[in-house]
Amino acid sequence: MKITADRPLILASSSPRRQELIRMFHLPVRIEPTDVDETMPPGASPVDTVEQLSLRKADAAAARCRNTGQDGIVIGSDTVVAIQGTVLGKPTDEQEAAAMLQRLQGQWHEVYSGIACIDLKQGTRSVRHRSTRVHMKPLSDAQIRSYVETGEPMDKAGAYAIQGRGALFVDRIEGCYFNVVGLPLSLLADMLDELE
């Protein structure tokens, strides 16, 4: 499978972080943001959550591309944080962001990212995930409040950005750093190779 200007990677995301990461492939990329229902049944596992939401995003973008006769490889991705069996998505307000950070501080947690790839020409699809363990150092209420007031946590799973100011709170990771940012590049590279 050759990626060209006529057959680009099509990222089904409005996330600036994912857009920046996918450009690291130095391949033609088009951005096709989607607006899909991200609700999941109560008790859905982190793996089911990220894989299903990634596929929903990729399917929505693929349908739009097919309707306009476009070709390419559509990529959908989703990320959640999980701690002690509870899935944490993006906080809905500052209070929820502070509560998430309070729960994560001083603890290990897992970050899961799913990726769905759809080859528009072949009709093939692949869905996979990666997980990374992250340890956040203990935080004071003042540190949490100050961080939440920056606004950075508001559109991030688990209410922190490891590539931003949130990096100041992370003292260890086990696994893929880019997975925590929101797009595990080595996994995506493997998936693209498998489509060839």
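Note that Cβ sites are derived from N, Cα and C of the backbone, with glycine treated the same way.
A C-beta separation below 8 Å, combined with a sequence spacing of at least six in one chain, links Asp78 (active site, proton acceptor) to Glu38, Thr49, Val50, Leu53, Ser54, Lys57, Ser113, Gly114. Positions annotated as active site, proton acceptor by TrEMBL: Asp78.
Marked as site 'Important for substrate specificity' by TrEMBL: Arg17 (among others). Contacts of Arg17 (site 'Important for substrate specificity') defined by a Cβ separation under 8 A and a same-chain sequence distance of 6+ are given as Ala161, Gln163, Val181, Gly182, Leu183, in order along the sequence.
Under a cutoff of 8 A between CB atoms, and with a sequence separation of 6+ in the same chain, the neighbours of Thr79 (site 'Important for substrate specificity') are Val50, Val111, Tyr112, Ser113, Gly114, Ala157, Asn179, Gly182. Summarising the annotation, TrEMBL assigns site 'Important for substrate specificity' to Thr79 (among others).
Counting every protein chain shown, 16 other Cβ atoms lie within 10 Å of the Cβ of Gln163 (site 'Important for substrate specificity'). Annotated site 'Important for substrate specificity' per TrEMBL: Gln163 (among others), in sequence order.
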Arg17 (site 'Important for substrate specificity'): secondary structure state under DSSP, collapsed to three categories: helix
